[in-house]
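Q: Dropping the structure in here first, questions after.
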Amino acid sequence: MLDDFLIRAALAGVGVALAAAPLGCFVVWRRMAYFGEATAHAAILGVALSLALSLPLVPAVLGAALAMALAVSALSGRGYAMDTLLGVAAHTALAAGLVAVALLADRGAARLDLMAFLFGDILAVNRADLAVIWGGAAVVAGLTAWRWPSLLMSTLNPDLARASGFDPRREELGLTLALAIVVAVAIKVVGVLLIAAMLVIPPAAARPLVRTPEAMAIGAALLGAVSALAGLWVSFLLDTPTGPSIVCVAAGLFLFTTAAGGLRGRV
Amino acid sequence: MTAPLIRAENLSVRLDGRVVLQDVDFEIRSGEIVTIVGPNGSGKSTLLRALIGAIVPARGRVVRAPGLRIGYVPQKLAIDASLPMTVQRFLNLPRRIGTREALAALDQAGVPDLHDRQMADLSGGQFQRVLLARALLEDPQILMLDEATQGLDQPGSAAFYRRIEAVRRDTGCAVLMVSHDLHVVMAASDRVLCMNGHICCEGTPEVVASAPEYRALFGTGTGGTLALYRHEHHHSHDHDHPNPHPGHAHETET
């Protein structure tokens, strides 16, 4: 069954949707969308790193994303507004990564299809990639399920979490780590430029339909998985790039649920 | 005498390079109701946050009884519109409780029909009651309230403090609160702390109200309590005794 590239692509897309859903909820609740963007863009630096040092791709991307997330966290609150800082970090990482990859490719270090890293190449996913994606999804789902109450309380109010005996800074660190994992496993499926879309759009699409945080995480997972499968189908039918097709379907779902929620609110 | 639930020794806190608290010594024991008063920016909330461990002190230390259960009601809790949260779900944080227990808690808090509502849709008074109900579900040994009656009208805040006193009576937990509702709070407290970056004066409400340090911060030279009553008169029109006798603070409310 796994011999069919379409089946592998479908499994990869669903795996990324499941990994991104619970984490994406926290990204939305904590207003970290731009933080997710900066972390995702750092992945291209990881690609350069893996080329330069002949490292395997996933650990290199994981390391670069984590380093970026930690650097931005450490720099926050030192004179610049957070969105300025993230704007500088996100675009610098992307630009520097592209320059570094071009330099390395010029030297003949490797031939690579830059487009595959920027927009993903879901149809080229192999069995090893699938193992990485589903392993990463399992780690992220396990981490968020394990820390769920304290993550929720830290998100509501850090002092409230502290009074209940949790350490909000540790929870934040856990989220950062999970974010780096999602970036590393999603790069092959949707690419650097659209990872943040998979984090933010499915939870935002689920929001008008739900009344509790748990329902939102589950709704985001379902809508994300539907987007992945429908996007794959659309790209097959219309011969369009798969990653962007998945994101377009997710955006369509967002428009639909938001309109439906607005109508329901008016009645 | 029992060991203190929380003790601060020689506590100093800096925030953004500014000294907010200096050399604060403080302790609170089981069953005590202690109120912190002081002008804006005097470090009241900072002291509370340092006591729960949310701020690392620059000097000194905070000692909490091992395994201390704190019920904390923050000054404000802004729930992002993107975060769906029913009252029922909120009461289940951090510990899962049954629906029956949640309904009973809301009943006790005087807001029985809210369990299915979204937190974001509650009025100020309902929100404060739900926050308090959640804090009480943690079965706290100490209840910490940071300006918990902000946004409540006078009867609302009087009812809120009556409930706090009832909770102390029923559960024996200590209560530490920061407040602006000076005369209501003073009546309910065993001990009042008057702060302005450090502890200016401390003692029973009567002692603090007549202390020169307190008058320097709040009074207008006519005697602490009296000045407070005059201050309150700017805001309410239902008092018919314009010159109450100082020292009878606890008879005029409740």
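Every residue, even glycine, has its Cβ placed from backbone N, Cα and C.
Please treat TrEMBL annotations as automatic predictions, because they have not gone through curation.
So TrEMBL lists these for the protein:
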TRANSMEM  A:6-29  transmembrane segment
TRANSMEM  A:41-72  transmembrane segment
TRANSMEM  A:84-105  transmembrane segment
TRANSMEM  A:130-148  transmembrane segment
TRANSMEM  A:177-205  transmembrane segment
TRANSMEM  A:217-238  transmembrane segment
TRANSMEM  A:244-263  transmembrane segment
Q: Using a Cβ cut-off of under 8 Å, list the residues of the same chain at least 6 residues beyond the transmembrane segment (A:217-238) that approach it.
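A: For the transmembrane segment (A:217-238), the sequence-distant neighbours (Cβ-Cβ under 8 Å, at least 6 residues beyond its ends) are 6, 9-10, 13-14, 16-18, 20-22, 24-25, 122, 144, 198, 201-203, 205-206, 209-210, 245-250, 253, 257.
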Q: Check the transmembrane segment (A:130-148) against the transmembrane segment (A:6-29) for contact, please; criterion is three or more CB pairs under 8 Å, pairs 6 or more apart in sequence.
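A: In contact, yes.
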Q: Counting only CB pairs under 8 A, let me know which of A:41-72, A:177-205, A:244-263 has the most with the transmembrane segment (A:6-29).
A: A:177-205
Q: Same chain only, please: residues at least 6 beyond the ends of the transmembrane segment (A:177-205) with a C-beta under 8 Å from a C-beta of the stretch. Say none if there are none.
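A: For the transmembrane segment (A:177-205), the nonlocal Cβ contacts are 12-13, 15-17, 19-21, 23-25, 27-28, 33, 35-37, 39-44, 46-47, 57-59, 61-62, 65-66, 69, 94, 116-122, 124-125, 129, 132-133, 135-137, 139-140, 143-144, 216-217, 219-221, 223-224, 227, 243-244, 246-247, 250-251, 253-254, 256-258.
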Q: Using a Cβ cut-off under 8 Å, which residues of the same chain at least 6 positions beyond either end of the transmembrane segment (A:244-263) come close to it?
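A: Same-chain residues near the transmembrane segment (A:244-263) but 6 or more away: 13, 119, 122, 189-190, 194, 197-198, 201-202, 204-209, 223-224, 226-228, 230-232, 234-235, 238.
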